[in-house]
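Structure, as structure tokens:
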């Protein structure tokens, strides 16, 4: 689901505010109690998701040595935390029969958009690390990851500012949302699909590359879950805009997809970082170090290879 999908309900909420809930005979409209169940489920998922991402932010920000990959993961955790916080507030307001202020929706859109751009950058970054390891370690700018993360936040902020202005001046409420689809989904999702396929083929179908296990698995699983949770709601929203179907209630499930996507990454890090022994005691700091230490090890190996070649 793109940032436009998430915000599409908010773009038309003045109409909903007038009619409250439209009960249609169409099968596309679920009963009000089902929507309340979904809103409640989102709230329940948001709580552990916020806690999990908060732990990642604390450990990567203050406890673990930073490298280029952990900078991306840290910013992704911040973006996911923001998405979950604003989703939590929105669902609370929906449950009490109120509609969230536009600023809350725009903030949620901004953080979700940032996460989408960051995942695209991560997928390309892993492809470069896998296909051109020596160049990746020895020739890329030292602060490239920081620059790209700042770029991601800036782009998402600019998109939301443009969106906010268009929402205020355009009588066609769907118009700004549609361009969010074009900018984010039509660019980011194809890039993620291509890079994910390249990572899978190069990383797993060639046996000599399987030693790059954990970081590769982190990237592939994060990309896989994002694509699973983003493509169906995007298709719903495109149908809503292009064919003038009213799928507002189906887009409620888009909120759930965004919530799941923003909550799943800390679980991925934990499952991949822990040891397989059943009686091991796990320290979260150790678990994350076990996942992300490969970046430092690969960097040292690349430096050794450069010295040998020179």
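Cβ atoms here come from the backbone N, Cα and C positions, even for glycine.
Note that TrEMBL annotation is computational and uncurated.
Among the ranges 37-60, 277-300, the one that TrEMBL lists as transmembrane segment is 37-60.
The transmembrane segment (250-272) shares the most Cβ pairs under 8 Å with 37-60, out of the stretches 37-60, 116-136, 143-166. Under 8 Å from some Cβ of the transmembrane segment (72-96) lie the Cβ atoms of residues 35-36, 39-40, 42-43, 46-47, 49-50, 53-54, 56-57, 60-61, 66, 104-105, 107-108, 110-112, 114-115, 118-119, 121-122, 125, 145, 148-149, 152-153, 218, 222, 255, 258-259, 261-263, 265-266, 269, 292, all in the same chain and six or more residues away from its ends.
Taken as a whole, the domain 'G-protein coupled receptors family 1 profile' (52-269) shows an average pLDDT of 82 in this prediction.
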